[in-house]
């Protein structure tokens with residue numbers, strides 16, 4: 001139940017119940033006063049916060065209005081003009097919105113804050129004043145009443161009458177005060193209902209008006225917004241097209257930077273380090289200069305400029321060039337140097353250093369310079385570099401000489417030797433096999449020649465990688481190789497459309513590297529090798545036609561494939577050094593069971609074929625004698641899709657069967673059980689050539705890849721079959737064919 005009404009009649013009785021009702025009304029008014037006071041305080045805070053927001057919005061709008069876009073080029077498109085003007089439009093919109101916010105704050109102050117404060121002070125304040133008066137009259141009346149009642153009855157009658165009259169007057173004042181106070185309390189209780197709510201209604205009306213103004217501004221802005229969206233979309237579309245062209249140009253420049261370096265047909269520009277000679281004992285110093293060579297006048301302008309010192313521009317020196325000659329490292333222990341003869345000072349030679357070998361060639365070409373005899377080192381094709389005994393001996397000899405004579409030399413391995421000397425040393429040590437020369441004591445070879453020869457011997461070529469992968473792919477089972485060919489051909493088609501789909505060969509390598517060459521174990525080391533898997537997949541995609549189009553012409557030792565991939569000098573190979581093919585009927589017949597099974601045919605030492613060594617540790621059997629067989633552990637050494645998909649999954653069983661050390665058929669009478677001995681004249685019906693072969697004897701057959709042989713039988717000669725091709729019967733290298 002709410003507050004009890006205060007009856008005027010109760011003012012005369014002044015009962016305890018009446019007094020309790022008054023206290024309840026007083027407590028309600030106190031609560032209302034506190035509420036209004038707190039609301040007024042929060043309203044002030046709201047206004048101040050809104051003013052701060054408005055100031056921040058105005059500052060933001062000012063910042064937008066003051067900024068101007070700078071565009072590349074001499075003119076702007078219509079879309080760019082609209083985008084440039086958009087910031088001013090945004091600024092104007094925000095300023096208009098904040099003007100409406102300021103108006104809202106002023107209205108809130110007038111319609112909410114002042115009326116609430118006025119009600120609190122005037123009405124609630126007057127109630128407090130009336131309360132004090134009521135309490136004062138109450139105290140006065142009851143004090144005089146007690147005094148009257150305590151007066152002795154023996155007092156004279158006039159005194160008693162005077163005392164009665166005084167109490168009567170006091171009672172009348174108290175009752176009037178009580179009536180007025182009751183009236184005031186009930187009046188304020190009723191007045192607060194509208195005096196408090198009406199300002200709140202005005203407040204919300206002001207807020208709604210502000211939001212309505214914002215809505216109207218948004219409606220007015222909508223047309224401009226839609227037009228601007230079209231401008232932005234047009235600009236974005238042009239950006240995407242331009243970006244594609246820019247990246248295409250960027251890639252072309254990356255591939256051939258020297259073709260795009262020249263920015264002017266009449267001059268060449270770039271950085272050079274100029275040698276400034278000083279009087280002894282100070283030697284010389286190298287100063288970085290930005291040089292501009294004017295071709296027609298042959299004038300070289302050299303300007304001092306260093307980015308590390310804040311990009312301060314120094315003085316410019318100009319000289320006229322008479323001639324330019326490459327400076328060799330024999331006379332100066334710095335690379336990429338040029339000797340420039342100056343016309344103005346005939347006896348002066350200016351020595352400058354380019355930033356790289358390509359930069360050196362650029363300046364040589366620009367200045368019409370002459371190339372010296374010394375050239376940069378490239379792998380020599382006429383050096384038969386193999387990781388044989390002579391090669392290992394050369395590596396040891398070189399390392400011993402370097403550590404003995406030049407371990408403290410500055411620029412060790414960086415300073416290159418003269419190309420002719422390096423080639424001569426390699427030819428002497430590798431081709432002529434002069435292992436008796438001790439490079440550590442020989443004075444004929446300086447340290448930089450030895451280091452350059454060692455680096456050249458150890459360098460790899462991209463062709464060697466392709467050839468090694470080419471051979472490994474053709475050692476795979478036919479179905480695996482077929483599926484891999486289909487997948488990589490598809491990826492090559494995807495890469496051919498990289499301009500649209502953005503899937504370059506490198507991107508496809510990243511995506512399919514872990515897929516086609518999944519590691520056997522998920523280890524940190526395997527993760528670190530992902531980059532190599534990606535490279536292999538990139539080569540498979542880029543060289544798809546070469547790798548899958550035909551069988552490799554040679555089968556290099558996997559041991560040295562990462563150094564130099566030897567080329568096949570002739571298609572005529574003796575029976576002792578023919579390339580060994582991938583298919584071995586005996587091996588495949590034994591290994592038809594999954595490597596994971598426990599078939600005795602796979603785990604028996606006598607019947608298993610292969611080696612527990614890795615592929616890279618196996619070498620060609622030059623003598624043609626089959627190596628001793630060892631237990632096949634079926635260790636996965638190549639990675640790819642699961643076995644069920646059959647793309648690149650390769651276990652040691654087939655990898656070892658394809659390796660030169662294990663694929664030669666078992667000789668009759670060699671170590672092994674009777675089960676491994678091939679029976680004579682066993683007919684295999686048909687076989688298909690997987691390598692080309694040219695007969696060296698009348699008893700042999702010549703054939704190309706894909707040739708079909710009929711009535712194929714195992715020959716008495718180890719490692720050979722007999723079959724019929726085009727009506728002629730002859731010998732067929734067993735590992736050149738696969739049995740159908």
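Using the three backbone atoms N, Cα and C, a Cβ is placed for every residue, glycine included.
Bear in mind that TrEMBL entries carry predicted annotations, made automatically and left uncurated.
Keep in mind that this is a model prediction, so the values were computed, not measured.
Of the listed segments 485-537, 591-643, TrEMBL assigns region 'Disordered' to 591-643. Your range for region 'Disordered', going by TrEMBL and the list 659-683, 684-708, 709-733, is 659-683. Taken as a whole, the domain 'PH' (265-372) shows an average pLDDT of 82 in this prediction. Residue counts for the domain 'SH3' (682-740) under DSSP (helix as H, G, I; strand as E, B; rest coil) come to 3 helix, 32 strand, 24 coil.
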